[in-house]
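Asks: This is the structure I want to talk about, given as structure tokens.
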Amino acid sequence: MGNTVRALVAIIPADRCQNFVVRDLREMPLDKMVDLSGSQLRRLPMHVCSFRELVKLYLSDNHLSSLPLELGQLQSLQILALDFNNFKALPQVVCTLKQLCILYLGNNKLCDLPNELSLLQNLRTLWVEANCLTQLPDVVCELSLLRTLHAGSNALRLLPGQLRRLRELRTIWLSGNLLTDFPPVLLHMPFLEVIDVDRNNICYFPSLAHLSSLKLVIYDHNPWRNAPKVAKGVRRVGRWAEETPEPDHRKARRYALAEGSQEAPAPPPPLPPTNS
């Protein structure tokens, strides 16, 4: 159904596109999925809201900035994709869809998330990458079944300590933010399997060897001078990733000099005062 709609939309002029979609969506799709991605929609076709058994709704890559209250009729919905649209705030009606397991909100203009998001207690996957978040909303820490959090390409400088409450969280993607320190809260989350802090401003990595479930850590493109220690069998992606457990400091300095680093070496620690 979804592929058919997209194929037909591609040969219809943009100004006639939405009318065609409305006419096409008269009956509930057999696969309980509607895919209107890339259909140049500025509003959701109301017929969609009558498909009360709909399980998957893909509205990616449109021009949506709001959603009708009637969307709340889709109480069987488990997957909702709203990425690559023009949302400046998450429509409250989304927070009434209590069966949602996967919610894609990436590549919008979101600066925050509503407290009502905590009503989505079945949510397992949340994508909020490439928005305008300067801090991770506290409400995310109330999504107790969350397993995957993608918050890359925002402007995050730290993570809330309450994040450790998410004991089901296994994967966290934080690449392309403004982190200057490795988030301390992650050191208290031994159940994490994947940590991505690529493309931040982290200068030093603490040991991650105690994170017993860790399988992959991505830490490249940071101004650091050490690789994080990890337990045996954990894959590291970044400079010195093949060296175990830490790169030789003399090699690290040669590497930095070879890159033409202009950074002055750190001064030695001051001598302790003498008793005279």
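Cβ coordinates are placed from backbone N, Cα and C, and glycine is handled just like the others.
TrEMBL feature annotations, pasted as is:
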DOMAIN    46-127  domain 'Disease resistance R13L4/SHOC-2-like LRR'
REGION    237-276  region 'Disordered'
COMPBIAS  239-249  compositional bias 'Basic and acidic residues'
COMPBIAS  265-276  compositional bias 'Pro residues'
Asks: Looking only at the domain 'Disease resistance R13L4/SHOC-2-like LRR' (46-127), what is the mean pLDDT?
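Replies: On average, pLDDT over the domain 'Disease resistance R13L4/SHOC-2-like LRR' (46-127) sits at 97.
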Asks: Kindly report the helix/strand/coil residue split of the domain 'Disease resistance R13L4/SHOC-2-like LRR' (46-127) according to DSSP, in that order.
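Replies: When I sort the residues of the domain 'Disease resistance R13L4/SHOC-2-like LRR' (46-127) into the three classes, I find 20 helix, 12 strand, 50 coil.
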